[in-house]
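Features of the protein shown, as given by Swiss-Prot:
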- 1-57: topological domain 'Extracellular' (TOPO_DOM)
- 7: N-linked glycosylation site (CARBOHYD)
- 30: N-linked glycosylation site (CARBOHYD)
- 36: N-linked glycosylation site (CARBOHYD)
- 80-87: topological domain 'Cytoplasmic' (TOPO_DOM)
- 110-131: topological domain 'Extracellular' (TOPO_DOM)
- 127-205: disulfide bond (DISULFID)
- 151-170: topological domain 'Cytoplasmic' (TOPO_DOM)
- 190-219: topological domain 'Extracellular' (TOPO_DOM)
- 243-340: topological domain 'Cytoplasmic' (TOPO_DOM)
- 257-284: region 'Disordered' (REGION)
- 363-380: topological domain 'Extracellular' (TOPO_DOM)
- 402-454: topological domain 'Cytoplasmic' (TOPO_DOM)
- 422-441: region 'Disordered' (REGION)
């Protein structure tokens, strides 16, 4: 990926600590295709303003870096240790966490440190490696989001067809193909990346494309393959998912109202063997418990064997005034949470990456104009948006998941177990405690219930 460079107006003028070059930085901050430096004259600012801007920038970088590393490491550990979370969707989430962790580790330090030091000190090998790994991580993140969108669309809208191929082995093959495709797509980065002198004792890691036409073609290609096409696929997939959920919600509400009126008219248990929503209209139906806990699952309701009648079932219950509407309201709340999470996913994807791709495309076709318009605070804000994408994905995909939160608590409890409480020992002249009448009656009831009649 390429981004415009912040100029000296951000942190002050002149090389050294607390200053940045007009086109210096890590692989995200690449120089022009021709290699010519076009620095703007530094704006005169007070020392207090420069120190405040530097402190704010370093603080934001540090917070985003810690959240990205900590959140993605937690996801990898929890998904790797918890057997209950080893599902197809979570396999893609694990790949997404690895790519986001790679983006944070391979990009942020090598972007911030050269800007603070005024030169790139890590050498040509690190320059090429960081540029390549950064591009691969961005590509894997985008393709992982697309894979998750397609997997959820298949699970919710096409459950019968998805059961044939929706396995963990198939997910593993898709993940491997995603990483291999991203690795091949980003080969031009290490080829055309090098460390170039930008002044006396000043080096910078930058791209040197053969011509302006090659650079423009590459920018448009990335804009289509890693932004527009994935964005359209995600928007269509999540739009169809939202439509399916709301249609199923309306059908469930009609079914509950009809069932309630039938029970009220008969004055007893509803009879008959009517078809469920999944059999009536061929759509997928989400159970309240699954939708409330997972938020991404769906199942086809299969006929189950009717349990034996109990004594409480012999008496026909009288339907309450809100017995039919409460399940519908619970499903409404659960499905609204699902749709809300899907909309957040799409909005954050466009929010974090639209400025980056727009700036790169603009710079490829009009470098001087883009540099004059975006240098300074705008490009710094764009940088923070791209880096924030590595820490918002864990929040959106995993911390809105109840089972993941419970797995986090279980993992923390396992890593930091509480010391067992010491039981008080009875005194030598003290009799041992005798079970009370309530304990004996509970024990007798448990024994009788366990043994059963006969």
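Keep in mind that glycine also has a Cβ here, set from the backbone N, Cα and C atoms.
Within 10 Å of the C-beta of residue 205 (disulfide bond) we count 28 further C-beta atoms, all protein chains included.
Note on residue 127 (disulfide bond): other Cβ atoms within 10 Å of its Cβ, all shown chains, come to 24.
Across the topological domain 'Extracellular' (1-57), mean pLDDT in this model comes to 47.
The helix, strand and coil residue counts that DSSP assigns across the topological domain 'Extracellular' (110-131) are 17 helix, 0 strand, 5 coil. For the topological domain 'Extracellular' (190-219), residue counts in helix, strand and coil come to 10 helix, 13 strand, 7 coil, using DSSP.
In terms of DSSP helix, strand and coil, the topological domain 'Cytoplasmic' (80-87) has 2 helix, 0 strand, 6 coil. Residue counts for the topological domain 'Extracellular' (363-380) under DSSP (helix as H, G, I; strand as E, B; rest coil) come to 15 helix, 0 strand, 3 coil.
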